[in-house]
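The next block holds one structure in the form of structure tokens; read it before the comments.
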Amino acid sequence: MQPRTIALLAAFLALVITGAAAKCTKNKDGCARCHTGNHRCAKCFDTYGLTPKGTCAQCKVPGKLGWTCVKCDGPRQDVCQACDDWEGEQPTGVYVTVKGRCKYCKDKNCDKCAPKTGICRTCNRGYGLVKGACIKCRDENCITCNRNTARCTLCYTGYAPNPMTGRCDKCKGAECEACKPGKPRICTECNFGYKLSKGRCVKDPTSDRWA
């Protein structure tokens, strides 16, 4: 085979290989969305970073909470850009530091806190945000009590906030799941097996079909 022919063949193979490497496939190799023409990735899934070449690289952030990094710098996978974490049913707040690491929010009862500063924005259930700190609500049936721990704004199932007292009033009847704020005798939502009738929960005969 002539040298010129060999050179042309080598160039052709290199072009094929390069083209294949640049091919983008949605839902593959961490890519969530490809650019038009499928030559490079436009958006990566969580825990990946988009590189200048249009590929997705797995995040590798050091530290105990490095695994909570959901978005990292493409060229530097050890630098996190966003952290998020859920432990069991209760969300545990984490945030990204100035140096691109993941840490717990400064307040242990904080659900969501601001990036870089770690200052709390939203507290866990049963706590209210008062001057940047999460303080326990005074009523044990209260979910949120922002700015004033003595005044509940959202209650657990079967209770409703009283705008006058700030406490959680128990809904009338064990079958009532939710009632009007300040008017616990007027039910707005019933437990399974019951239906609303003039603000009260009555037995729903059609529910036996699903039993």
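Every residue, even glycine, has its Cβ placed from backbone N, Cα and C.
Going by TrEMBL, these are the annotated features:
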SIGNAL    1-22  signal peptide
DOMAIN    23-57  domain 'EGF-like'
DOMAIN    104-135  domain 'EGF-like'
DOMAIN    136-169  domain 'EGF-like'
DOMAIN    170-202  domain 'EGF-like'
Subject >> Residues of the parent chain within Cβ reach of the domain 'EGF-like' (104-135), under 8 Å, 6 or more residues beyond its termini >> reply: 65, 82, 90-98, 142-149
**OP:** For the domain 'EGF-like' (170-202), find every same-chain residue at least 6 residues outside the stretch whose CB is under 8 Å from a CB in it, and list them.
**Re:** 141, 157-164
Original post:
What are the DSSP helix, strand and coil residue counts for the domain 'EGF-like' (104-135)?
Top reply: 0 helix, 16 strand, 16 coil
